[in-house]
Amino acid sequence: MAQWNQLQQLDTRYLEQLHQLYSDSFPMELRQFLAPWIESQDWAYAASKESHATLVFHNLLGEIDQQYSRFLQESNVLYQHNLRRIKQFLQSRYLEKPMEIARIVARCLWEESRLLQTAATAAQQGGQANHPTAAVVTEKQQMLEQHLQDVRKRVQDLEQKMKVVENLQDDFDFNYKTLKSQGDMQDLNGNNQSVTRQKMQQLEQMLTALDQMRRSIVSELAGLLSAMEYVQKTLTDEELADWKRRQQIACIGGPPNICLDRLENWITSLAESQLQTRQQIKKLEELQQKVSYKGDPIVQHRPMLEERIVELFRNLMKSAFVVERQPCMPMHPDRPLVIKTGVQFTTKVRLLVKFPELNYQLKIKVCIDKDSGDVAALRGSRKFNILGTNTKVMNMEESNNGSLSAEFKHLTLREQRCGNGGRANCDASLIVTEELHLITFETEVYHQGLKIDLETHSLPVVVISNICQMPNAWASILWYNMLTNNPKNVNFFTKPPIGTWDQVAEVLSWQFSSTTKRGLSIEQLSTLAEKLLGPGVNYSGCQITWAKFCKENMAGKGFSFWVWLDNIIDLVKKYILALWNEGYIMGFISKERERAILSTKPPGTFLLRFSESSKEGGVTFTWVEKDISGKTQIQSVEPYTKQQLNNMSFAEIIMGYKIMDATNILVSPLVYLYPDIPKEEAFGKYCRPESQEHPEADPGSAAPYLKTKFICVTPTTCSNTIDLPMSPRTLDSLMQFGNNGEGAEPSAGGQFESLTFDMELNSECATSPM
């Protein structure tokens, strides 16, 4: 079954997560219209190869045209309009940047796959009694459901008792007025006095029964409000707080957050019960106005009951106003809470009280740093204005599940300029990527005579003015959400708390697993721990400061740990994603471990790891070989950076890599990917066939072109290159490269510099095993 069809069969909570994957940058309508074609393309490859991305993008436009023709035949005006608008947007946004749309689509497809896996796992675990976490959660939810049912039942029981009291009071009122009327009209003789006393006794008995029932109802109302308070505290302080914490974790790459639908149903049910109870308390006031007496419990307790129920309802409504989707730039979906000035970002708020009468009644206004203006000025932080559509009315039509929400899609930030370039205080102690800002959402609710001011805010965001600030800004978001669940601590980085390696390790692994199919292994994390903390045996519980993580340079390096790691993450996502997902890249491994595992392997065995000396991120391969005397040697090639991988895929580099031996013969030192996977089996499928790379010659051409192939070559010695069959210009480049190579990374055995050149495939090259 197609992936898109499987997704549409998921539960509502998963469909809401699916909805959150899509935005204007890649509309869900397009995913729906072209589902089979989209799933048939290799978007991951297109995201790493610009020429292929351009081809796929133009094919996408062609598919849109074909679909438009179908809608034209069906006279579907709405779909025609939407598809035309989508095509115009894609052309304006991605025509010059086709790799961006490829990355976005690849990311969406991968997230869809993860969503299906999560749903399948949850379905399997749902029936397993031996799964402790699932059992605890289910039991807790069942208890909450029981408490809510109990509240609803008590409300209904009170409703019946109120009717009984009202009937009894009407009888009492009628008999009392009748007796009074008869007493005024008749002479009070002996017989009449006896009858009157008898009727008075009956009235006293009725009043006693009425008083008992009133006291019972007042007591039950007080108990009901206490039960509501308990359920409300469980919902807001536990369930909703847990959801908000999970949202924080999901923002920094952790497991996806659960859907709000169930929580919305619980809160809505409680709110309905509270409003019904408030009406019952108002009914008590009506009863009091008809019949009152000395010691009336309604007079004594009704004002307090009214105050309690109103306070409960107000607090519930305020807690139910949440940010369902945190601020995020559509072009950087994997890094929410970082906003660049002048670039649109999106966010979504939701009211978890689903009252149809509130549809299109709540106007939401957005502002930034509403409550921290004075603090921001003291800290020297920048100030911003929100531009774009910063007001919107909540409605139930825009959400798939009919929730009361408002999505802001066209917000931007602009810095308020002042005389010193925007900083309110030149002596500010925080750098801009450590400044935290809050985006606030406000509205007013008028419901059943109550006016309630609602306000919620986003998690703290970092505002940047240049995309080069993204790495440090994202580090701030990671550190904040890793170490605190305080949603408003904008002064967090004035004295940032210390984290433990266990916390940092989990978050670092999330940075890979959230954007790829593979997190970090224990061995890879141990290597990273050594980079941060130095040699050790057990890093559990070791403390890591914010400065150590992000600001201080690593020992012997001119850059910090996070800058180095973030560039590797970017390298993986953009250039070697498929190889990483396959598990072919060992990545983080110490030199000692590298030598230990390779030295026992046959010559030609190699592994792939990340460069430790390249600030911009580099990947290299290390292999084992035997020298003339039979001694084992470990060799590493100079790391390949993003600039080189833009021109040739890493798989093609590995498949074509050669060493020029002393006799000027090209040989391949790479045979088996560790531990024993044949190179062709591992990387062959990621190399484009030569028939696609070299178009056939024009039959009418007098002299057909010779086919060429780009390969990477490492000369053993520059003096031995004079006999290599290549052009003088290529030879000069090779000589210059061999004499002037810089920035090489030392290895245990030796260091090799490689040159990529274009070799003619003619008879002179027959001795080269290509």
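Glycine too: its Cβ is placed from the backbone N, Cα and C atoms.
Given the ranges 150-162, 267-279, 280-292, the record in Swiss-Prot names 150-162 as motif 'Essential for nuclear import'.
For the motif 'Essential for nuclear import' (150-162), same-chain residues at least 6 beyond its ends with a Cβ under 8 Å from one of its own Cβ atoms are 213, 216-217, 220-221, 223-224, 227-228, 231, 269-270, 273, 276-277, 280, 283. Secondary structure of the motif 'Essential for nuclear import' (150-162), assigned with DSSP and counted as helix (H, G, I), strand (E, B) and coil, comes to 13 helix, 0 strand, 0 coil. As a whole-number mean, the pLDDT of the domain 'SH2' (580-670) in this prediction is 88. The modified residues under consideration are Lys601, Lys615, Lys631, Lys707. Their Cβ neighbour counts within 10 Å are lowest for Lys631. The DSSP secondary structure for Thr714 (phosphothreonine) is strand. Counting every protein chain shown, 22 other Cβ atoms lie within 10 Å of the Cβ of Lys49 (N6-acetyllysine). Comparing CA positions across the modified residues Lys49, Lys707, Thr714, the one lying closest to Ala2 (N-acetylalanine) turns out to be Lys49.
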